[in-house]
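Undergrad: First the structure, which I've put down as structure tokens, then a few questions once you've had a look.
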Amino acid sequence: MNPEHSPLGKATVYAAQYDASLLFPIPRAGAREQLGITSALPFFGTDIWNAYELSWLNARGKPQLAVATFYVPAESPNIVESKSFKLYLGSFAQSKFDSLDAVRDTLKRDVSAACGASVSVQLVSPHDFGKLQMEELDGLSLDRLDLDTDVYEPDPSLLSAAQEEAPVEETLVSDLLRSNCPVTGQPDWGSVQIHYVGPQIDHAGLLRYIISFRNHTGFHEQCVERIFLDILHACKPLKLAVYARYTRRGGLDINPFRTNYNQPMPDNARTARQ
């Protein structure tokens, strides 16, 4: 389904009752073909969605609420357009469910169907809100660098690495990631963490490259996959993982993770800006 046919940028009608048909899937294939991915994926990973505006009625009509987390596998054929996700979650507000498990099972069934793959769902009830973490991405900050730049469209030629020197292992972070919604043009603000083993990447060039997304239009997942592939091709690391955490919009934040080696799922701890 084409993003232009999604609810983005259109007048909003909020559903009075639960409605799974509100979910609008968008195939990943189109954006991946633009990146040269036409067969096996050169990475694996997950898109972590956090939903902070989920509420429903119990069997007696009393409102209930929870924070929901969805783990969408990167190999799923579809993503879900974010405004449609918001409208879908909003449709729960005046609908009755017998239990928290019933809500979770419904979410898992519907979102898995839209994505075309099994999606894991976690719900955190209010009495466990104190357990939710907040911390910044770990790593050496690239933003400490004082530099000039004037490139605001993705330019992989900014990337380089010391190919003749011994490999290193580094974790680098930046809070200066910005891209833009391809339908509405609204800015998406994010932080990005890059962990790699291989020839040392030039830090100034990497920061300029991250900044170069500032005028780029692309969904969160697509931007992270482009970052991953550009670093992989230009710098040739032996191991690479890219994790971005984008700020919240419409009660949802999206946090894509891509890697080419086995490692634990990153912590789903929201940053201060989230």
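Cβ coordinates come from backbone N, Cα and C, glycine included.
Here's the feature list from Swiss-Prot:
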ACT_SITE  C181  active site, thioimide intermediate
ACT_SITE  D188  active site, proton donor
BINDING   V80, E81, S82, H220, E221  substrate binding site
BINDING   S82, K83, R249, G250  NADPH binding site
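How buried are the listed features, and what sits near them?
TA: A 10 Å cutoff on Cβ-Cβ distances gives C181 (active site, thioimide intermediate) a total of 19 other Cβ atoms nearby, all chains included.
Around the Cβ of D188 (active site, proton donor), 22 further Cβ atoms fall within 10 Å across all displayed protein chains.
The Cβ neighbour count for S82 (substrate binding site), using a 10 Å radius over every protein chain in view, is 26.
S82 (substrate binding site) falls within a helix when secondary structure is assigned with DSSP.
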Undergrad: Spatial neighbours of C181 (active site, thioimide intermediate) among the recorded positions E81, D188, H220, E221, R249, G250, defined as Cα within 10 A: which are they?
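TA: Passing the 10 Å Cα cut: D188, H220.
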Undergrad: Through the lens of DSSP with three states only, how would you label G250 (NADPH binding site)?
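TA: Where G250 (NADPH binding site) sits, the three-state DSSP reduction gives coil.
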Undergrad: Give the three-state DSSP assignment (helix, strand or coil) for H220 (substrate binding site).
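TA: Assignment for H220 (substrate binding site) reads helix.
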Undergrad: If we check Cα distances from E221 (substrate binding site), which of the recorded positions K83, D188, R249, G250 wins as closest?
TA: D188
